[in-house]
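> First, the structure itself, so that you have it in front of you.
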Amino acid sequence: MNLVPTVIEQSSRGERAYDIYSRLLKDRIIMLSGPIEDDMANAIIAQLLFLDAQDSTKDISLYINSPGGVVSSGLAIYDTMNFIQSDVQTITLGMAASMASVLASSGTKGKRFALPHAQVMIHQPSGGAQGQQTEIEIAAREILKTRELINKILAENSGQPIERLNQDTERDNYLSAQEAVDYGLIDHIMTNSSEQKK
């Protein structure tokens, strides 16, 4: 059961109740938590577009705690992060694994944060295929293209050579917050919200 807390605010016109995510959105904060799939991606994209249209000179903070998920859904979020004019701060808490690690590393350079005990996990995309031989071959080629694309994005984001990414994503590769900074996927470890750049 997914319970969403409600926040009540007082104003001169009385009380107003918000679900917690709507209240955070007022402060330009978006929560990306849980598996990345189409419905979640659509909600994240809509929030990014809304906040950018509202004021493209202010940063958007994207808090990430996700095991990853559907690559096409994640790439839709990635493309939107690059499409909008607002800087997107990424703040990793808990875990940014798989496609979520791509998003965490795709924030505006200098504004990619992780909390001290966050983890980042990079690996090659997974998938399955069944059916006729030609269908399996097509699916295998598609997974190889996807791996190449993801590793290219991670190489650009981290400054690491593509050869290192190919090697380091061969299997699940877990990085602590400090290791993610050293690797170039994250810029800073943030222990206090006052360290966040506005």
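Quick reminder: no glycine exception, Cβ is built from N, Cα and C everywhere.
Residues annotated as active site, nucleophile in Swiss-Prot, with sequence analysis given as evidence: S98. The active site annotation in Swiss-Prot covers H123.
Give me the structural setting of these features: burial, nearby parts and distances.
Sequence-distant neighbours of S98 (active site, nucleophile) (same chain, six or more apart, CB under 8 Å from its CB) are P67, G68, G69, M121, I122, H123, P125, listed in sequence order. DSSP assigns S98 (active site, nucleophile) to coil in the three-state reduction, placing it in neither a helix nor a strand.
Counting every protein chain shown, the Cβ of H123 (active site) has 18 other Cβ atoms within 10 Å.
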